[in-house]
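Chemist: In case it's useful when we look at the structure, here is the feature table from Swiss-Prot:
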{"type": "TOPO_DOM", "residues": "1-84", "note": "topological domain 'Extracellular'"}
{"type": "MOD_RES", "residues": "S4", "note": "phosphoserine"}
{"type": "TRANSMEM", "residues": "85-105", "note": "transmembrane segment"}
{"type": "TOPO_DOM", "residues": "106-120", "note": "topological domain 'Cytoplasmic'"}
{"type": "TRANSMEM", "residues": "121-141", "note": "transmembrane segment"}
{"type": "TOPO_DOM", "residues": "142-181", "note": "topological domain 'Extracellular'"}
{"type": "TRANSMEM", "residues": "182-202", "note": "transmembrane segment"}
{"type": "TOPO_DOM", "residues": "203-207", "note": "topological domain 'Cytoplasmic'"}
{"type": "TRANSMEM", "residues": "208-228", "note": "transmembrane segment"}
{"type": "TOPO_DOM", "residues": "229-236", "note": "topological domain 'Extracellular'"}
{"type": "TRANSMEM", "residues": "237-257", "note": "transmembrane segment"}
{"type": "TOPO_DOM", "residues": "258-275", "note": "topological domain 'Cytoplasmic'"}
Amino acid sequence: MTSSASSPQDLEKGVNTLENIETLPQQGSIAGVSQGFPNIQEIYSDRDFITLGSSTYRRRDLLNALDRGDGEEGNCAKYTPHQFANPVPLGLASFSLSCLVLSLINANVRGVTDGKWALSLFMFFGGAIELFAGLLCFVIGDTYAMTVFSSFGGFWICYGYGLTDTDNLVSGYTDPTMLNNVIGFFLAGWTVFTFLMLMCTLKSTWGLFLLLTFLDLTFLLLCIGTFIDNNNLKMAGGYFGILSSCCGWYSLYCSVVSPSNSYLAFRAHTMPNAP
């Protein structure tokens, strides 16, 4: 850095001079060394002043000029952070719709027992879209929602793939009891997972808590009904699944409705001791 020690410039009635500022310790330096580059000047700063090459400025005035001080219009463009949309309603929509259709089939509503036509719904809307919502929750830093939506998105894909009987997943079993046991193991695993996620909603909203409560009962009844091949238990699981879906619809509506877009605005009721 080049400076003229023979002609100090008074900064404020002789209190501080350019010569004094240039001899400050370089702890506040924010620029590199100018060795070998004669056209590059160094930058030093202390509490009140900033030195740019051979010129010294008051810190307050320089920040005001850069539009970082008292709000005066400066020459530097302001940085506006990008706002991401909330992906949770999308995850709730894909889960609630798929759960409702499957539960109606499990409950044998209107005598329906074969749900192969809903395969596309399970794999694409319940599976792919919910998995996509979970990945978007990863982007916004919501670990819980990412885990729940991504996991259940995988569940719907697995369930739909099993219905296709690709690679003889079902028809390859010659013993119906063994097939029921394998499916029962699958449902038992999801019963445990859902219970763990349920324990993480004790300080959340009532809608989410009841959704996972009814869903865990759904998996439990379907699991037991599959193990013992009892259709009444499977139907009971279907009815609990309908309740779980209704809780999902309510939570979905509460998360997207507002006085600006609807005259009928509900609010999500929080659990006791919720933060």
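Cβ from N, Cα, C; glycine included.
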Chemist: Using a Cβ cut-off of under 8 Å, list the residues of the same chain at least 6 residues beyond the topological domain 'Extracellular' (142-181) that approach it.
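Modeler: Here the qualifying positions are 87-88, 91, 94-95, 98, 102, 115-116, 119-120, 122-123, 126-135, 190, 193, 197, 200, 226-227, 229.
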Chemist: May I ask for the residues of the chain that lie six or more residues beyond the topological domain 'Cytoplasmic' (203-207) and have a Cβ under 8 Å from a Cβ within it?
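Modeler: Result: 247-248, 250-251, 254, 268-271, 273-275.
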Chemist: Counting only residues 6+ away from its ends, which parts of the chain sit with a Cβ under 8 Å from the transmembrane segment (237-257)?
Modeler: 86, 88-89, 92-93, 95-97, 99-100, 102-109, 205, 207-208, 210-215, 217-222, 225, 264-268
Chemist: For the topological domain 'Extracellular' (229-236), could you work out the same-chain residues 6 or more beyond its ends whose Cβ comes under 8 Å from its Cβ atoms?
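Modeler: For the topological domain 'Extracellular' (229-236), the sequence-distant neighbours (Cβ-Cβ under 8 Å, at least 6 residues beyond its ends) are 106-108, 176-177, 180, 221-222.
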Chemist: I need to check the long-range neighbours of the topological domain 'Cytoplasmic' (258-275): which residues 6 or more away from its ends have a CB within less than 8 Å of a CB in the stretch?
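Modeler: For the topological domain 'Cytoplasmic' (258-275), the far contacts come to 201-207, 209, 250-251.
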Chemist: Using DSSP, what's the helix, strand and coil tally for the topological domain 'Extracellular' (142-181)?
Modeler: 30 helix, 0 strand, 10 coil
Chemist: Cβ under 8 Å, sequence separation of at least 6 from the ends of the topological domain 'Cytoplasmic' (106-120): give me the contacting residues as numbers and ranges.
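Modeler: Non-local partners: 160, 163-164, 222, 231, 234-235, 237-239, 241-242.
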